[in-house]
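> Provided herewith is a single structure, encoded as structure tokens, for subsequent inquiry.
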Amino acid sequence: METKKKVVIPRPKPLTSENDPLHIIKTRMVTHNRPATIAGPMVRYSKLPFRQICRDYNADIVYSPMILAREFVRNEHARQADFSRNSSDTPLIVQVGVNNVTDLLKFCEMVAPYCDGIGINCGCPIKEQIREGIGCALIYNPDLLSSMVRTVKEKYKDTLRLETKIRIHDDLDTTVELCRRVCDAGADWITIHGRTRRTRSSQPVNLDAIKYIISKIKDKNIPVVANGDCFQLSDVTRIADYTGANAVMAVRGLLENPALFSGYGRCPWGCIERFWYRTIEYTCLPFQLTQHHLFCMLENMQLSKSLLKELMSTKSLPEMLDWFEDNFELKRYGEKGFGERVEIPYIKIE
Amino acid sequence: MESLKIDDSNTDNEVFTKQNGKKDQAVTKPIAIDSTTGEVVVRKSTGKAKIRKGQSEEEYQNQLDHYFNVEKGPTITEDNWMDSIDPLDMLNDNIENDLSIKNVRHKLTSFCERYYYYKRYQECYNLAIKLREKYQAINKKNKMDREIEGLDYLIDKCILKGDIS
């Protein structure tokens, strides 16, 4: 019987000062006089076109949506649906949903050549994932989490960056203990979302909790990223100053205004044009997702409810494009002024 | 045989269950059954244990082979990648471009949409006409009606907007 040749697995992507997320997080304050800015992971939404417009507007590091390791390592269709990239999609952290060491190691092997770091999702509060021991369940399973971190870091050392994004516990000292264990296991940095598993996003983030945890793990000398309620550029400095975090992650704020890290108080029109261009070029977004992205941005720009309703009634990408043409002056890539305007260029007078 | 049980020893777990007073709020700690394959036991919504099957080394090697040697890693879509491909060539019958696969059809329709975005109405029209013909030929149980309607929309609009020959 013929023995199958063992597959040659590419090495992790080389890390330089340009793409090493740890280096960026540690040095942005010195090089740019501000904390590092990070576009966090959103289920479904953090796909390539959206990642690229976040980069257009000053996001230093961008996350993929959570990818389930179990599916990724077993199913080619899941891989094709979950992960597409290009040469300018960097620095990129691929976030993974995982509940065992074996799947995580396999996932790292398959993804490390194509990204700049891997983040373990320990914050997703969706009950279907928690039942599987994925996402937020991991903050209640420190043995497994630290074992996953340790195994990956022992194998890859500094050739692969590994992050954990956690939520806080009701008892903050439990979170401190978890973070200390994750640090000891070798995580490169920790992202802390200042909400518990049950805190609704309508409730304000607990920055005091993040500050407390950072103060208690200072001796570990590991960078911390603060996550929660970053909606304006001014929030970046405020959150970092208050908590002592090295970097700030925005998530929901970017969905409404991907230009927030550039200092735009509201989503600029140029962002809409850029998003259209990226969506058309990369072809990886289903129509409904594209429509929802545009809805979030236009709502942030305070487009009237009647027009938003019209937008949502369009049934296909070409029909939605025609709706834009009918109502606004939409520039294409290559046209003068493409992606630069701030205000909505209405055609019809409302 | 001893039945499988989920580890509920975590104190936080108890706190959650009590504080919420709701079902499905307990935290699952998966139990690793076979660390070489990744087989674990998790909890279903009913509370019963469920085995998530592992992946043998042979299966994994097959996936690795396919991923690195056939798929060539994740899909890469650079700006303008479509300029280097003629979608009409993709319509030739072969396994790679099997039109019964939704992803293949999505890719081809994306070419039409890109032409439309750039106001290249003649090219959009030509491709949409060809795609509609091919899609209609394999439209079983009207499952592709929506995709065909989308092409009809493009064809009508191209006629309206462009100087179609």
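Sequential numbering from 1, following the chain as shown.
Placement of Cβ uses the backbone N, Cα and C atoms for every residue, glycine included.
Automatic prediction, not curation, is the source of TrEMBL annotations.
Not measured: the values here are computed from a predicted model.
This is the feature table in TrEMBL:
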ACT_SITE  A:Cys124  active site, proton donor
BINDING   A:Pro41, A:Met42, A:Val43, A:Gln95, A:His193  FMN binding site
DOMAIN    A:38-340  domain 'DUS-like FMN-binding'
> For FMN, with binders A:Pro41, A:Met42, A:Val43, A:Gln95, A:His193, what's the maximum Cα separation in whole Å?
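If we measure all Cα pairs in A:Pro41, A:Met42, A:Val43, A:Gln95, A:His193, the largest is 16 Å.
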> At a 10 A cut-off on CB-CB distances, which of the recorded positions A:Met42, A:Val43, A:Cys124 has the highest count?
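The most densely surrounded of these recorded positions is A:Cys124.
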> Other than A:Pro41, A:Met42, A:Val43, A:Gln95, A:His193, which residues of the chain come within 8 Å of the FMN site, judged by Cβ distance to the Cβ centroid of those residues?
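Near the FMN site, the remaining chain residues are A:Gly40, A:Ser46, A:Tyr63, A:Pro65, A:Met66, A:Asn121, A:Gly123, A:Cys124, A:Lys165, A:Val251.
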> Around the Cβ of A:Gln95 (FMN binding site), how many other Cβ atoms lie within 10 Å? Please give the count over every shown protein chain.
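By my count, 24.
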> At the level of the C-alpha atoms, what whole-angstrom distance separates A:Val43 (FMN binding site) and the residue listed as 'active site, proton donor'?
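A Cα-Cα distance of 9 Å.
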> In sequence order, which residues at least six apart in the same chain have a CB under 8 Å from the CB of A:Pro41 (FMN binding site)?
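Expected: A:Tyr63, A:Ser64, A:Pro65, A:Met66, A:Ile93, A:Gln95, A:Gly119, A:Asn121, A:Lys165, A:Val251.
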> In angstrom units, rounded to an integer, how far apart are the Cα atoms of A:His193 (FMN binding site) and the residue listed as 'active site, proton donor'?
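So the Cα of the residue listed as 'active site, proton donor' lies 10 Å away from that of A:His193 (FMN binding site).
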> Mean pLDDT for the domain 'DUS-like FMN-binding' (A:38-340), rounded to an integer?
97
